[in-house]
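Reviewing the structure listed below.
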Amino acid sequence: MEGRGGLSDEAAAAACKKGDPITTDYMLQQTNLRVKDPARSLDFYTRVLGMTLLQKIDFPSMRFTLYFLGFEKKSDIPADIRERTAWTFSRHATIELTHNWGSECDESLAFHNGNTTPKGFGHIGISVPDVQAACRVFEEQGATFLKKPQSGKMKGLAFIQDPDGYWIEILNPNKMVPLMSPPITDTPGGDSQTTAVGEPQKKTVKL
């Protein structure tokens with residue numbers, strides 16, 4: 001059965017309602033990703049993407065650890081553990097990596113990245129000053145590319161994968177303007193991810 005198509009501008013606007021005043025100071029604080037090997041993931045998010053480890057929190061009784069990363073200066077991280085915790089949870093758009101102890105030893109474990117059936121979660125996006133320059137460095141550092149800037153229908157943006165196979169879009173705000181304007185029909189959030197990348201994601205993650 002074919003879908004009804006996308007919402008009109010009017011329908012999209014009508015579907016959006018004004019939030020309760022209590023939401024005024026709400027913000028997007030974190031996105032959680034489960035990871036198999038924290039050493040590999042921390043290396044990727046710090047060395048390749050340039051993030052900073054904001055805080056590591058262990059839960060020995062439940063045998064898991066959380067790692068919070070973001071684009072913050074290491075010198076800004078409070079020394080006091082309580083202050084550091086409050087500071088970490090007040091940062092915008094952080095990545096929370098969850099490691100269940102022992103998962104790195106499970107050869108059969110691979111996480112579903114949301115881009116194969118059944119589709120769900122798609123990707124995170126990283127804004128950079130120069131996509132081409134960023135991708136040259138990513139390539140030198142051995143990053144896995146799903147789409148390079150000049151491939152696919154949506155020129156100027158790229159997709160790479162982290163060690164667990166999660167997709168990461170690399171974009172420049174100004175370069176997105178022509179991509180998001182008519183007559184381009186590919187839009188973020190749906191099956192267009194596959195169109196933009198040009199190649200469907202393999203069903204198994206290679207670790």
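Positions of Cβ are set from backbone N, Cα and C atoms, glycine also.
Copied over from TrEMBL:
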ACT_SITE  GLU169  active site, proton donor/acceptor
BINDING   GLN30, GLU96, HIS123, GLU169  Zn(2+) binding site
DOMAIN    27-173  domain 'VOC'
REGION    182-207  region 'Disordered'
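The structure, with features from TrEMBL marked on it.
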residue: GLN30; record: Zn(2+) binding site; DSSP (3 states): strand
residue: GLU96; record: Zn(2+) binding site; DSSP (3 states): strand
residue: HIS123; record: Zn(2+) binding site; DSSP (3 states): strand
residue: GLU169; record: active site, proton donor/acceptor; DSSP (3 states): strand
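Cβ neighbour count for HIS123 (Zn(2+) binding site) (all protein chains, 10 Å cutoff from its Cβ): 20. When the alpha carbons of GLU169 (active site, proton donor/acceptor) and HIS123 (Zn(2+) binding site) are compared, the span between them is 7 angstrom. Computed over the domain 'VOC' (27-173), the whole-number mean pLDDT of the model equals 98. For GLN30 (Zn(2+) binding site), applying a Cβ distance below 8 Å and a minimum sequence separation of six or more within one chain yields PHE68, PHE89, ALA93, THR94, ILE95, GLU96. When Cβ atoms from all protein chains are considered, those within 10 Å of the residue listed as 'active site, proton donor/acceptor' total 21, not counting its own.
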